[in-house]
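Everything below concerns the one structure shown next.
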Amino acid sequence: MNNNINFIKCSSYEELSKKTANDFITVIKNKPNSVLGLATGSSPMGVYKELIKAYENKEISFRDCVSFNLDEYIGLKKEYEDQTYKYFMNDNLFSKIDINKDNTFFPIDAFSTNMNQDFESYDSKIDSYNGLDILILGIGNNGHIGFNEPGSLIDSKTRMIDLTESTIKANSRFFKSENDVPRKSVTMGLSTILKAKKIVLVVVGDSKKEALNALMNSKSFDSNWPCTALVNHDNVVVYYIG
């Protein structure tokens with residue numbers, strides 16, 4: 001390990017999910033009006049199930065919490081509402097806890113066709129809540145975090161990006177035709193991510209091993225592996241299965 005990231009090996013996905021959820025629970029107990037940074041995808045689903053359990057057991061309340069999601073598609077057809085990240089969050093977390101839906105924010109309305117918006121205003125909105133107290137991230141095979149693909153700049157802010165061909169192809173299974181797959185998304189930038197007070201990265205799946213190794217062995221940011229931006233932060237935990 002060549003950096004000050006805290007790498008924690010877990011024996012199972014269940015253990016990884018519980019440990020990550022406990023980090024969130026600790027933050028929320030200490031600060032009931034915590035500002036949470038949330039991600040979509042299969043990796044954090046177990047974490048959200050654990051947070052729902054903690055809420056049901058009256059261990060924590062999300063009533064005063066605020067959330068900001070990492071990313072969202074843009075230019076999606078209305079018929080695919082169930083493919084939006086907003087739908088995912090409502091389905092897998094928000095509808096099962098007591099968070100105020102008015103306090104759950106996304107970088108864009110997925111159905112928006114206006115590609116010339118001030119996307120950086122999302123950063124200002126986060127700043128207006130004094131920043132994210134804790135942020136969960138997943139990681140892509142190529143080391144992307146959010147939709148910050150290889151080549152992303154360390155000082156990047158929330159912005160619209162073109163999805164890679166491999167991402168479009170991977171997503172096509174959720175759509176009737178590849179033509180319906182969104183070509184663009186809006187993502188928090190690397191500098192937006194690094195402003196979070198605590199970052200928890202969950203690494204699930206053998207296909208992520210190369211990216212995990214790149215992060216473990218990095219002393220400084222390498223734009224070929226966007227995840228290495230995390231070496232510039234002093235409060236990062238990485239949970240991985242080994």
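Cβ coordinates are placed from backbone N, Cα and C, and glycine is handled just like the others.
Listed in Swiss-Prot for this protein:
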| type | residues | note |
| --- | --- | --- |
| ACT_SITE | ASP71 | active site, proton acceptor |
| ACT_SITE | ASN142 | active site, for ring-opening step |
| ACT_SITE | HIS144 | active site, proton acceptor |
| ACT_SITE | GLU149 | active site, for ring-opening step |
Helix, strand or coil at GLU149 (active site, for ring-opening step) [DSSP, three-state]: coil
Secondary-structure category, per DSSP, in which HIS144 (active site, proton acceptor) falls: coil
